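Asker: One structure coming up, written as structure tokens, with questions to follow.
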């Protein structure tokens, strides 16, 4: 069964534990700039929003790559960058509509979320379940349940 | 190893910057942040200097765990001599600024001298420079933050700045980072402004990659995060209600300082409580609290993000306050609310916004306004002084007016900017100042929580709850319950809290973890990250050493055992209501025992044996 990251901004407190876990997993360092997941703070609105790659099925980064350095991990569905093949041309960073694939100046390669091979560390690190790893076919179910609870028959639904 | 081993020294007089290695000998004895910063200050600053002279120095210090995956790794401290107390100042802040300093490769920044013109320090990894601050001097923290972000075209820039209160000499000015986190107490912002330093803007992308044993560190920090999550205070109470979880609790036990500490219970407490912040308003159906928020790395997330009712008198014609910002935590809600008898949540929130916007310590501001209200009540301050404005307990208009005067630095605002000790002296009633060593009390009346009376009297930075929070034991039963009305045994309790707190601060962790963590939860996290052997025993020894070193600085600065005292009101006037009814603080019983247990002589001076045991110079 394939799984997806599910990001719930309403639960995020902006603590960046996910960024620390990600940068540690990818880079061996605590360094938010090296994290593939980023928390954005909208101060005046009082909102914290986690954002990362959604692993598009028809992934434009993969399509755009001139050297086929981005491939699909069939077990997780993640689009993964093969660093040995990547030439650092950054075309994928232009192609991605969401900005979730980025260049790493230390390695000269691009970097993106690879779902940590099926055990995403951001999910483990998040203290509020703002980031969960759920069945890909059911990413909306938790939100459906919240709305279901608000319907008139809420008492019987509980 | 977790330290970056690099210190940036900025001579503001000469305009020169230089890097130097961190003193490794001192690291062994003082760990980091509060301890290490204090060690540098003690070595470099004559305790007798005028706090606002170029001879005073100001140190921004991170801890070894600052910026790491340990929960609450956000903390940094500013260490200097305080203009409010004349004692050592060490003010701790969260947010995101401290970790950014670490990511730029710095353990500490030491400021010396005074710049001939207003400047700010810009740090981008290994490059640092002083830049002219002409276009941000005279601006609020919020304005300066926005201007600096635009000037450097960098949304990720982290800024710590002083506001207009500091510039006009308010003696309790804070340094505010990330718009609403503050190194708040003892006037560290006043020192910064006295050096013509408006802000520090930092961007770091180097990260931290020198943890001693990364695998053990990750396992240890993950395990301890679970402990925080499962604890009732850190896992439930603080995220839901913030520190404001305490408002109703402390009021019920009769330890809520009210009406400039004339009373110990406030009839309007529930209206300014954490619970009240969740209630939808009549005007727009929104609650005061929008969301809770975490500082960097914090899995507790006690921070409050709030709005003021846009139809409230304080902001209705001021659209610049019609958005979210840092909301009330307990100490601010108490000082701006209970101590002034103002039960108007929006008025208190608005004044809290002003404290964030222009860098003022809300505890001292609220307490000073409360003192002014009592001076007015007793006829020492009149409408002649205020230009016709009545200062009345319980009046949100009076509260808001007073706070705005401090920001605007009007003639009366400058009086309020002196803090309550100097204010009450100036108006001829010094006994009305509720302070220790010139710093105002936080929100726990020592008549109802006996240990706190001793903690206040002996605190090295003047009255303060963050130097020995025996409330944890006396009220919340952490680590074990003691009777708040009993003074027996409290000397030992206060010492245990003071020493542990100094160690926690020095690691770069937040004190709030200690609602759930003991030192045995903390030591393995430090030990797996840092070179050397960091056992519980060693950390407590470090804590005790720091405490004695701070004490030593204060004694050399001219303070004596006589300054380990409380206002007469708390020693002579009994609590009128609640469980503590009929009681005063029994400081006279606790203090001699405290000195003895500390290894100090009867005048409060560390004995030679004590100094030798702790290897104090």
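Count begins at 1; order follows the chain as displayed.
Including glycine, each Cβ sits where the backbone N, Cα and C put it.
Remember, TrEMBL labels are computer predictions, not curated facts.
Since we're looking at a predicted model, the values are computed, not measured.
So TrEMBL lists these for the protein:
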type	residues	note
DOMAIN	A:3-33	domain '4Fe-4S ferredoxin-type'
DOMAIN	A:44-75	domain '4Fe-4S ferredoxin-type'
DOMAIN	A:77-106	domain '4Fe-4S ferredoxin-type'
DOMAIN	A:111-136	domain '4Fe-4S ferredoxin-type'
Asker: Check the domain '4Fe-4S ferredoxin-type' (A:3-33) against each of A:44-75, A:77-106, A:111-136 and return whichever range has the most CB pairs under 8 Å.
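Answerer: That would be A:111-136.
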Asker: With DSSP as the reference, give the number of residues of the domain '4Fe-4S ferredoxin-type' (A:111-136) in helix, strand and coil.
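Answerer: Summed by class, the stretch gives 10 helix, 7 strand, 9 coil.
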Asker: Across the whole of the domain '4Fe-4S ferredoxin-type' (A:3-33), what does the mean pLDDT come to? Round it, please.
Answerer: 97
Asker: Pull the DSSP breakdown for the domain '4Fe-4S ferredoxin-type' (A:3-33) and write it out as helix, strand, coil residue counts.
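Answerer: DSSP composition of the domain '4Fe-4S ferredoxin-type' (A:3-33): 16 helix, 6 strand, 9 coil.
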Asker: Is it possible to list how many residues within the domain '4Fe-4S ferredoxin-type' (A:77-106) are helical, extended or coil according to DSSP?
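Answerer: Tallied per class, the domain '4Fe-4S ferredoxin-type' (A:77-106) gives 5 helix, 7 strand, 18 coil.
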Asker: May I have the DSSP-based helix, strand and coil counts for the residues of the domain '4Fe-4S ferredoxin-type' (A:44-75)?
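Answerer: Helix, strand and coil residues of the domain '4Fe-4S ferredoxin-type' (A:44-75) number 5 helix, 8 strand, 19 coil.
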